[in-house]
């Protein structure tokens, strides 16, 4: 080999191109790529900066979420770089927009540690959302291959086993959040739990921010709550539960609280989304080993899931949480006070409940998904709902859901037990009408009025809340069809 600089440079350039070159040219754009069954697929909504080609922007997302950095590095030659590069293989304009694009990206399964939501997310959403060439970026959907799902535990209990444990079949579960969420003493807290369960509810729950504050420490809350559960079971003959929030500052504290809850005899514990993916997976594994139902409150999700052009769609969180091992997750109400377009909510529920998903663009489902026998997650509908909406809730959300009437139980003028009874009677009257094949949606208001003739608490609730609703336009709506975004 010649020792001249020119000759060494020529040979190097034939083998390896250095410097800053476009991501698309580096191999992160491949429109001919044949997607493998084992690939992890992601769909991003990409909003490039003015002047940035959408294909180059999509290739940049693929590169920065897999193996690339800002310049070519020679150590690529020490890896199977052609295999490990993520490939943007399809870029489509988003309907009815001028500067948004759907980028389909494939990742080889070997890029990810088996069974680790933390590692999966570190690549997919780890760094790329701050990329300057893109003014906004949103992760809309993912396909997780069966080969990867087989390394994941999935829900600790699942809805089928939960129904068997709770002895509740043929209708939604009922349960509100204790209100006010903060400030009650342990004894008063337990009284709220007892009254709600005694009145006919299946569950009560802690709220997301009740942990162990000076006005009520966690152990005090657990003791009074379980006393209430046991007394209500004795009084009604029904299986009851209370979601005990074990969220804490360390895993050691969470395990301690969960173990104490188990010793008290609870059938369900609760955690918050804000504890993080590793902590959620860890608690899912604990719950499976200890035959415990695991409820997840989605606290904090709207900071990144609500806006349409940046962040992450809630359906992706649903997929990750089904993998992580939770049994419940709040997933929207349609008619309540929180964000919820009807088609988007249906897509979330399908993601949590179906064994296989087909592509359904109006509901925001971009990929087929085989869940590989992972158990089903029960969606939770909570926030601004009341018994006067029971026909709508049953129609939109179906049987497999927890309907949580917090203010709609505890705000009843005649007390908590009356509020619980109103909700139970409203639900059972609507389920009976449905099972009789009546048009319970159209007849819903009259069905409730008829039931109220023999249930004073229901009549009082209907008189109080009437047809109150939170009629605001949703921010996260379908891209492929027009959809009613306000409550209907």
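Note: Cβ is positioned from N, Cα and C throughout, glycine not excepted.
Copied from Swiss-Prot, the annotated features are:
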- 127, 177, 181, 298, 330, 382: substrate binding site (BINDING)
- 179: active site, proton acceptor (ACT_SITE)
- 205, 207, 208: Mg(2+) binding site (BINDING)
- 205: N6-carboxylysine (MOD_RES)
- 297: active site, proton acceptor (ACT_SITE)
- 337: site 'Transition state stabilizer' (SITE)
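Recorded features from Swiss-Prot, shown on the structure.
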residue : record                       : DSSP class
127     : substrate binding site       : coil
177     : substrate binding site       : strand
207     : Mg(2+) binding site          : coil
297     : active site, proton acceptor : strand
330     : substrate binding site       : strand
382     : substrate binding site       : strand
Neighbouring recorded positions, C-alpha within 10 angstroms of residue 297 (active site, proton acceptor) - of 127, 177, 179, 181, 207, 208:
207, 208
Pairwise CA distance, residue 208 (Mg(2+) binding site) versus residue 127 (substrate binding site), rounded so that it is a whole Å:
28
Integer Cα-Cα distance in angstrom, residue 330 (substrate binding site) to residue 179 (active site, proton acceptor):
17
For residue 179 (active site, proton acceptor), the number of other Cβ atoms found within 10 Å of its own Cβ:
15
Among 297, 298, all listed as recorded positions, which has the most CB atoms within 10 Å of its CB?
297
Counting Cβ atoms within 10 Å across all protein chains shown, which of the binding-site residues 127, 382 comes out on top?
382
Protein Cβ atoms within 10 Å of residue 208 (Mg(2+) binding site), excluding its own:
21
CB within-chain contacts under 8 A for residue 207 (Mg(2+) binding site), separation at least 6:
177, 178, 179, 181, 182, 245, 297
So among 127, 298, 382, all listed as binding-site residues, which is physically nearest to residue 205 (Mg(2+) binding site)? Use the C-alpha atoms.
382
Around the Mg(2+) site recorded as 205, 207, 208, what other same-chain residues have a C-beta within 8 angstroms of the site's C-beta center?
177, 178, 181, 206, 209, 210, 243, 245, 270, 297
Taking the Cβ of residue 177 (substrate binding site) as the centre, count every other Cβ atom within 10 Å, in any protein chain shown.
25
